[in-house]
Amino acid sequence: MTRRGRFAPTPSGLLHIGNAFTALAAWLQMRQAGGEFVLRIEDIDKARSRPAYAEQLQDDLLWLGIDWDEGPRGGGPCAPYEQSRRESLYEEAFEQLQQAGRLYPCYCSRSELAAIGSAPHGLASEGAAYPGLCRSLSPAERQARAAKKTPALRFIMPPHELRFYDAVAGPQTCAGEALSDFVVKRADGMFSYQLAVTVDDAAMGITDVLRGADLLDSTPRQLALYEALGLRAPDFAHVPLLVDASGRRLSKRDSALTLAALRSAQVPPERLLGALAHLAGWIDRPEPLTARELIPFFGPVRTASGRLTVSEQLRHWLTEG
Ligand code: GLU
């Protein structure tokens with residue numbers, strides 16, 4: 001079976017070198033394995049996404065030497081590759097869950113959820129654990145609340161522990177708040193990331209999900225959806241996030257380390273690739289290399305702390321040469 005990987009960015013800002021690292025690792029994994037690489041634009045949240053960012057990120061990836069076998073520009077057998085154009089697939093999966101009795105309406109208001117949100121437990125990637133308040137409403141209570149508010153729809157997590165093996169983080173066992181019921185369709189009709197990503201990875205035949213460690217705690221939710229929808233789950237690898245010298249996660253706000261900024265400062269892509277490969281421990285010292293030249297060097301990411309620190313020295317090497 002041909003392995004298939006993907007990069008699935010949300011076009012809500014400029015790609016920074018942390019996003020580039022994730023894209024590079026996912027691309028190298030497939031190129032080394034002789035697999036196929038898919039680019040999917042995760043623009044399901046229309047309020048956060050901008051078509052211009054989707055275009056820019058494709059230019060930025062190509063500048064780096066990261067190409068894709070299927071994606072928005074070239075198309076492919078699983079088109080469309082933009083989530084905003086795949087809603088009918090999410091609707092089908094949603095119906096299937098509804099019919100299987102796996103969903104319930106949730107009427108909790110923003111302020112009720114915010115109060116839960118200040119509780120200490122929860123998932124970093126998704127906010128607070130939901131204690132299932134609306135799960136046990138009686139039909140009469142439901143009716144009363146439905147008269148006043150359009151509900152979100154929540155997925156009922158299975159009561160059992162969920163286990164999976166992560167190629168970077170090792171064996172994972174999920175219980176407790178990681179198993180709290182989560183929204184698959186918001187009150188405004190938007191399908192959630194968890195549902196869309198699961199449906200798409202399955203429909204696109206993705207065998208290997210390699211993405212940032214910030215999504216490690218979303219994986220049990222997606223596994224529960226694979227199970228409920230009768231789909232085969234892919235293998236997972238969550239690579240470390242890049243942090244700056246003070247330990248802060250790089251973000252879209254870090255404008256100096258966006259690919260756009262590096263490009264306009266005339267930093268050669270090979271220099272960025274060399275810096276990233278060195279950071280991951282794939283090469284011993286930073287030296288300029290092309291994406292293709294890096295294929296044989298790809299391997300496990302070496303980090304003691306679970307993060308990759310972009311030191312001032314590396315930053316200097318990158319921008320000053
Ligand atoms: N669209 C998500 C993001 O940009 C990534 C989704 C995934 O890789 O599963 O953070």
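Any Cβ shown, glycine's included, is placed from N, Cα and C.
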Query = Among Arg31, Arg163, Arg211, which residue does TrEMBL annotate as binding L-glutamate together with Arg6, Phe7, Ala8, Pro9, Thr10, Glu42, Tyr193?
reply = Arg211
Request  = Could you check which of 244-248, 249-253, 284-288 is flagged in TrEMBL as motif ''KMSKS' region'?
outcome  = 249-253
Remark   = Counting only residues at least 6 beyond its ends, the same-chain positions whose CB falls under 8 A of a CB in the motif ''HIGH' region' (9-19) are 41-43, 45, 48-51, 53-54, 56-57, 60-61, 212, 241-242, 249-255, 257-262, 272, 275-276, 310
Ask   = Taking only the binding-site residues Arg6, Phe7, Cys106, Cys108, Tyr130, Tyr193, which have a CB closer than 6 angstroms to any atom that belongs to ligand 1?
value = none
Ask   = Over the residue list Arg6, Phe7, Ala8, Pro9, Thr10, Glu42, Tyr193, Arg211, recorded for L-glutamate, what is the maximum interresidue Cα distance in Å?
value = 16
Message = If I restrict to non-local contacts, at least six residues apart, and a C-beta distance under 8 angstroms, what lies near Tyr130 (Zn(2+) binding site) in its own chain?
response = Cys106, Cys108, Leu113, Ile116, Arg154, Ser180, Asp181, Phe182
